[in-house]
């Protein structure tokens with residue numbers, strides 16, 4: 001991975017010894033064996049199969065790859081997926097931060113219940129998530145909102161499955177945030193909005209970015225919740241995962257692998273963003 | 001000798017933690033490793049314990065070469081700075097840990113006589129140790145329910161349970177408040193007189209070292225500055241670092257000495273007396289601290305009793321003649337030396 | 001931070017509160033409660049008919065087996081990897097720790113495809129060899145277990161690593177200084193200290209494993225009574241216009257997930273009070 005990190009600050013040569021208590025020892029024999037076994041399993045389960053996807057896509061050559069991802073129906077699916085994932089991520093950045101704020105700073109009866117509600121989309125099987133959404137936004141919607149089998153269903157499903165990410169990243173940071181700093185800003189004459197914008201938001205930004213990256217990655221690869229909800233209408237509600245699946249079912253592995261590689265690149269980018277953000281936060285202390 | 005250290009060096013990357021340490025500690029002695037933080041004293045203690053391995057040199061414990069021996073085979077009792085209490089085990093189980101590890105009941109089931117005998121032996125020993133550290137009534141509590149001082153005593157009992165060849169304590173009172181610290185200090189001294197195991201403890205507090213230790217090893221910047229009894233160190237410091245670390249110092253006429261070892265007169269008379277003008281007078285309880293500047297431009301701090309200062313009519317702007325007291329401990333001043341951590 | 005008295009909530013507080021509650025009601029609370037009411041529209045008949053259908057019982061059993069095995073594997077793997085990441089130094093550690101998060105952001109369909117490309121019986125990289133040795137992975141239980149293990153791989157690690165870091169290694173050093181071997185230190189000191197983190201990880205892994213759909217769909221082949229899991233059965237029932245059946249299975253799966261969340265949050269708050 002070619003992540004260009006900022007140079008570390010130079011270490012002082014005089015002064016207290018660097019306390020390198022953890023990790024305190026190099027690999028012993030037992031941990032060497034442990035590392036070997038776990039790496040073997042990780043390779044067999046994750047790394048080799050993902051490499052196979054990329055290798056299969058590469059075997060078709062750049063032309064094959066290009067043809068696979070620019071196929072009219074596939075390109076439309078990619079466009080729909082990315083557009084919906086981006087919009088939903090944006091909504092999550094705003095709503096997720098708001099939800100985290102309410103959960104941490106507000107107090108009212110039933111808050112504990114909301115706390116649990118946030119985790120439901122993560123724990124619920126995706127196929128059940130689709131079914132759940134159908135019950136309110138399907139054909140006999142009690143709200144009169146029939147979103148099933150329309151382009152909106154994609155947005156709805158993404159919103160549901162990505163709900164926890166920003167909330168759960170921002171919440172602990174907000175809890176740790178020293179309220180005295182905000183009070184200090186207020187004492188210096190800052191309005192509540194200014195305090196939020198100038199003091200709180202910069203502190204939350206890395207967590208929001210990490211949550212947004214995770215929620216984008218999740219949305220781009222989403223499949224299960226859409227199966228029953230979206231109707232998989234080409235050019236309207238068919239997403240990238242569905243295109244990969246139909247290529248697999250037609251035994252067209254090169255095409256499937258090409259589209260899958262595109263998704264993998266997005267996943268990798270997200271991992272890189274997360275790594276960089278987390279390191280920056282760690283350095284800030 | 002109980003512990004013999006020869007030519008030990010340790011680096012972390014570019015940082016030299018210890019350089020060519022030679023040290024011999026006799027059996028049954030209570031030794032303090034004293035020095036500023038980052039000076040290498042904790043690293044030395046951890047090397048004796050086997051928690052770190054030296055890059056060069058050897059460690060011999062009770063005549064056996066222990067340099068390559070892992071910590072679990074050295075039979076040392078180590079008391080960690082933050083106690084390292086096993087949070088999930090009761091006080092009694094914490095103390096019993098080392099004994100349980102050592103019980104070789106083999107694979108016999110727990111109800112066999114051998115196993116029961118082992119259990120009873122451990123229980124008796126734990127009770128004895130808890131009585132020794134005055135924690136008998138807390139045997140069934142969790143460490144989180146103890147105060148800092150009690151936790152420290154539990155850690156000590158736990159280390160003593162394995163009947164260690166040497167007992168090592170890393171800043172044993174560092175995390176405690178001043179009052180508890182003083183109590184525990186006296187108590188450790190008495191305990192050592194009772195148990196008489198070779199003991200080494202690390203501290204950055206000179207008062208603690210002077211009060212408790214039989215012998216003090218002053219460690220600074222990876223080197224040993226001086227080894228000696230508290231009196232030797234105080235009366236005959238090897239250099240201005242040791243002198244400065246053990247108490248307040250000032251300079252007068254190119255030598256370093258203690259502020260209370262300066263004779264003060266209102267007129268010239270004594271041989272070698274220097275003329276100085278009082279810049280500031282600070283009264284702290286029974287003591288008066290006088291800052292003065294000599295004609296040579298040296299800043300000198302003098303401490304005297306209130307009565308003495310009154311008698312001499314010491315006030316700002318007054319002229320005094322200052323000279324080292326007879327028999328005062330002095331060392332030549334070396335102004336370029338780093339004095340990090342003095343008085344910490 | 002809760003000790004201090006705060007200024008009375010202003011209008012912004014109420015607006016935010018109402019907005020957040022409305023959003024969550026529309027997106028999660030109302031739809032989920034509808035699944036419950038739909039399931040019990042005809043009393044417990046729907047649930048009973050599910051549990052009396054032998055094919056569905058098979059599907060539930062397969063789901064349970066795959067989830068238990070995958071969770072067991074991921075627990076052992078996760079605890080080992082966490083210890084290695086936090087307590088030892090080795091080259092490539094940083095890349096490994098980043099890659100371990102990959103399964104969380106890879107599409108389930110891609111996971112399935114990846115496994116098929118390597119372990120597929122006809123033209124996978126290793127598949128034909130393995131089948132020659134009598135081990136069929138894809139379209140069989142091992143494939144379902146692997147897909148399940150893949151998607152839930154990082155969950156134990158994510159729970160255990162921060163706890164290990166926070167814990168430090170002083171207690172372990174103390175145990176070793178008292179004569180404990182590596183194994184004794186692990187079982188008597190390390191494991192009891194990270195016990196709750198492991199439990200959270202296991203519960204989350206289990207919930208995730210029971211509900212995996214996309215990856216399992218690709219590798220299972222959906223053979224009735226053999227490689228059909230509970231989540232696949234939901235889809236099939238719904239597409240066959242057996243809405244009631246679909247809701248009933250969904251209810252079963254959802255109640256397990258919700259139970260998992262409740263267990264985890266109870267454990268967490270208990271832990272916070274300690």
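Note that the numbers count up from 1, one per residue, in the order the chain is shown.
For all residues, glycine too, the Cβ spot is worked out from N, Cα and C.
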Worksheet item: Which stretch, out of C:186-207, C:208-229, is listed as transmembrane segment by TrEMBL?
Response: C:186-207
Worksheet entry | Surrounding residues of the transmembrane segment (C:60-86) on its own chain - C-beta under 8 Å, 6+ positions past either end | 93, 96-97, 100, 141, 144-145, 148-149, 152-157, 160-161, 164-165, 186, 190-191, 194, 198, 201-202, 205-206, 209-210, 216, 226-231, 252
Worksheet item: the transmembrane segment (C:186-207): which same-chain residues, six or more beyond its ends, come within Cβ distance under 8 Å?
Response: 67-68, 70-71, 74-75, 78-79, 82-83, 152, 155-160, 162-164, 167, 171-172, 175, 180, 256-257, 260-261, 263-264, 267-268, 271
Worksheet entry | Intrachain residues whose Cβ lies under 8 Å of the transmembrane segment (C:246-267), provided they are six or more past its termini | 32, 35-36, 38-39, 46-47, 49-50, 56, 60, 196, 199-200, 203-204, 206-207, 210-211, 230-231, 233-235, 237-238
